[in-house]
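S.K.: The structure's right below; bear with me while I get my questions together.
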Amino acid sequence: MPSPSRTSTMAATETMTRPMLHVEARVRSDSDVIVRTDIVRDGVTKWLVESFAVLSLGQEITTFDDFNDPHSQFLDSVKVIECTGPEVESGIYRVVEVDLDVQAYQLRDSDGEGPQQVENSNDKSEEDAPQARIISLPNRELDGIWESLLFDEPIPSSLLRAISRMLCFSSRKLNTWTINWNRLVLLYGPPGTGKTSLCRGLAQKLSIRLGKHFPQSKLIEINAHSLGSKYFSESGKLVSRMFDNIETMLNEEPDTFVCLFIDEVETMTARREQSLSGNDPFDAMRAVNSLLTALDRLRLHPNVVVLCTSNLITALDSAFLDRIDIKQFVPHPSSKVIYEIYRSCLENMSECGLVTGATFDVIRVDPDNPETPLKYVSHPADTLVVPSHPDMLLWYQLFPESVPKQLADVAEASVGLSGRTLRRLPALSLVLHTNTGTCTVEQALVALSRGVEEEKKAKSEATNGVPSTNHAPPHQKLNPEPFTASLTELPLHQTPPGDANSSSHRSRSRVTPNVFEIRLARCAYQGHCSTVFPPNNDGTHPQIHTIDIARASSSSSGSGSGSESPIHLTLTASAATVVAAGTIGWYYHLYGQEAFASTPAEEGLHPAAYPWEHEKWTKSFDHSALRRGFQVYREVCQACHSLSRVPWRSFVGTMHTVDEMKAMAEEYEYDTEPNDQGEIEQRPGKLSDYIPPPYKNEEAARAANNSALPPDLSLIVKGRHGGCDYIFSLLTGYPDEPPAGASVQEGLSFNPYFPGTGIAMARVLFDGLVEYEDGTPATTSQMAKDVTEFLNWAAEPEMDDRKKMGLKSLAIIGTLFAISVWVKRYKWAPLKNRKILYSPQAGRRLK
């Protein structure tokens, strides 16, 4: 019988591994409603445990008819925010298997008494601007800011979890000299990526998440620019006085959670080495020293956290960077996040009546016939509902005319723009590029595309420093003055100065007018000068000769330099060949043949190449072998390995009938969608379902296989070059005993074809292990060949159709080529070679 201490330790371990659902219960913010949030928190927790079987992430409850509690009338909503601990891919959790962390809160209204402003008590006129702004949390002004934050990585939830745990650890009265942290968080990255909004959203969420520990919360936004003084050596005093006031507040209100927010912190923490070159270097240095000293004093208070943002992390002082506990980079949004940003903006504008409502779907052309192709449809609706990015990738990629695909294209073109710009562009594009009060979503997308193009063009001009010009035709861009100068310097048919009787002058007089006529003709074509040419000296207009420019230039160069001798060209080519051959020989003399450090023991023995029938371009799959391979997979491989990318319907017509596959699918049970009571029921499998995995999750798979994760076999053949040869060699390569000198770790089996020669999977195929339905002898090599053929089909089931399409294309191309040859032979050849002769009648006189 286990001891009580051992039992309590096991219970504590089990509790720590249970997921924790964070639930937020919002109380109505009426001025005449005063409710104790701790009582509401306990009542909501009890109600959720008793009334709900499952809860899903993002679920929001707004009706409380079955909540028999006097405080239920004051509730606005109950929402499941996130899960801490082991997560479920579906996002649906059974209430009995999780711990509930319910937080009740009431939004503070900023319109009543207004946000407090901390001002300096100095009498100087330049210090009249407020140096800090204090907001009570959670505040109505910041409501919804957390939901608007979209990032590629779960940055908000990770920071919220980390800062919450940091504050909980600080409440344990840790020795500040032993555990040295400042509860200082820095968000850095390009401008406009949402760092300021993320800090304010974190302050709002922290005030709700830590409601059990701190009954009140405040956000202090420090105006870093107002702490600089025009008076000599006054900035350091302003910074010190500001943090003295904050520290006084922390001492007077120890039960109040304070979130200190400093935006653009590089204004106060610039490198002290660089400040020495300024007008008042000691003032800047004193300001940084005062801030660092103040931060060291703040870490003694467990109820404060400092959030900072910076666009220039390289400009921050090294001592300040050393005090930062969490440094989080916030990048520009990707096309997926941009799609979701645009989607939320369009749906919000639709709710406000600026964009007409619509819904979109992909359906069969004939709903009663599952073999008909898909088509894209849109339906009018009260509000606009745009599919999410995963749904767009799944259903709308094949329809370029669909609204989701067009929105994805606009999002792809918007990569590189800041989040601030992305939130502004949808509404601004409607203002600039539409004329009606309400437009369709297609018109909104066209306007948005134009807005993105103009924004990126302006950004490029600002980056390169070159203003844009209108795209004029070439003849409006080029300057005609050089061509006019040529006309003045060398008129047509004018003899150059010198001896006109010399041969060289005669040669130039023949070539130069022709070259000039070509230039003049090209200028007339491009619009540089008029097409009316000036007359010659005799009053006649020149004739434009059709002369190739390359010939003219070669003639002029040839007349000046002379022709090259063939012996010179031969010597040049021979010298180049000798140099090339000598370079290659010199390289191999220095380096020799390249050697690789890897050995068969490290990379595994290279498998032999086998003549697989399906690899021949005129052959197809052996369907009998596929059926036998699927039998080997079901009876042997499926115990550990999944085939999660292959549905049951893929087997129909290839290796099994419809009835056979229906019977196999119905042997398994699948989860249904939650019903009205939130319960998940089981149903028999269908042909559209995918083959279920043998384990519920990766942890269960590792636990059953000695911490090794069996790979999914759906694409295992395509996972490496020569996949069929490798799998066959691996399955048949287990020796009875490891060879002499080979060492294998305990729990591993020796296989020379596996990298490292030690594999966690023991030998699984033995003679006679499977009894084939068609009577084929079930030897080890036969089973390995059949299951390899099946896995190759699972990775590429359309290979036969692809080969048939290739043969059809070759047949069509060959037929068209033969037709074209015969048409040329009998249709055009006689016409091309025919001579047209005219013989006048004899005895007639020509006039």
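Cβ atoms here come from the backbone N, Cα and C positions, even for glycine.
TrEMBL: automatically predicted annotations, no manual curation.
Sharing the feature lines straight out of TrEMBL:
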type: BINDING; residues: Cys637, Cys640, His641, Met761; note: heme c binding site
type: COMPBIAS; residues: 461-471; note: compositional bias 'Polar residues'
type: DOMAIN; residues: 624-777; note: domain 'Cytochrome c'
type: REGION; residues: 109-131; note: region 'Disordered'
type: REGION; residues: 456-511; note: region 'Disordered'
S.K.: Which chain neighbours of the heme c site, leaving out Cys637, Cys640, His641, Met761, have a Cβ atom within 8 Å of the mean position of the site's Cβ atoms?
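M.R.: Apart from the listed residues, the neighbours are Val636, Gln638, Ala639, Pro710, Leu713, Val764.
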S.K.: Enter the number of other CB atoms within 10 angstroms of the CB of Cys637 (heme c binding site).
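M.R.: Summing over all protein chains shown, Cys637 (heme c binding site) has 22 other Cβ atoms within 10 Å.
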S.K.: Return the count of C-beta atoms lying within 10 angstroms of the C-beta of His641 (heme c binding site), excluding that atom itself.
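M.R.: For His641 (heme c binding site), the count of other Cβ atoms within 10 Å is 20.
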S.K.: Using all protein chains in view, find how many other C-beta atoms are within 10 Å of the C-beta of Cys640 (heme c binding site).
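M.R.: There are 19 such Cβ atoms around Cys640 (heme c binding site).
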S.K.: In the three-state scheme derived from DSSP, which category covers Cys637 (heme c binding site)?
M.R.: helix
S.K.: Enumerate same-chain residues with a sequence separation of six or more from Met761 (heme c binding site) and a Cβ-Cβ distance below 8 A; give 'none' if the list is empty.
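M.R.: Within the chain, Met761 (heme c binding site) has Cβ neighbours under 8 Å at Cys640, Ala708, Pro710, Ser749.
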S.K.: Which of the three DSSP-derived classes (helix, strand, coil) applies to Met761 (heme c binding site)?
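M.R.: The three-state answer is coil.
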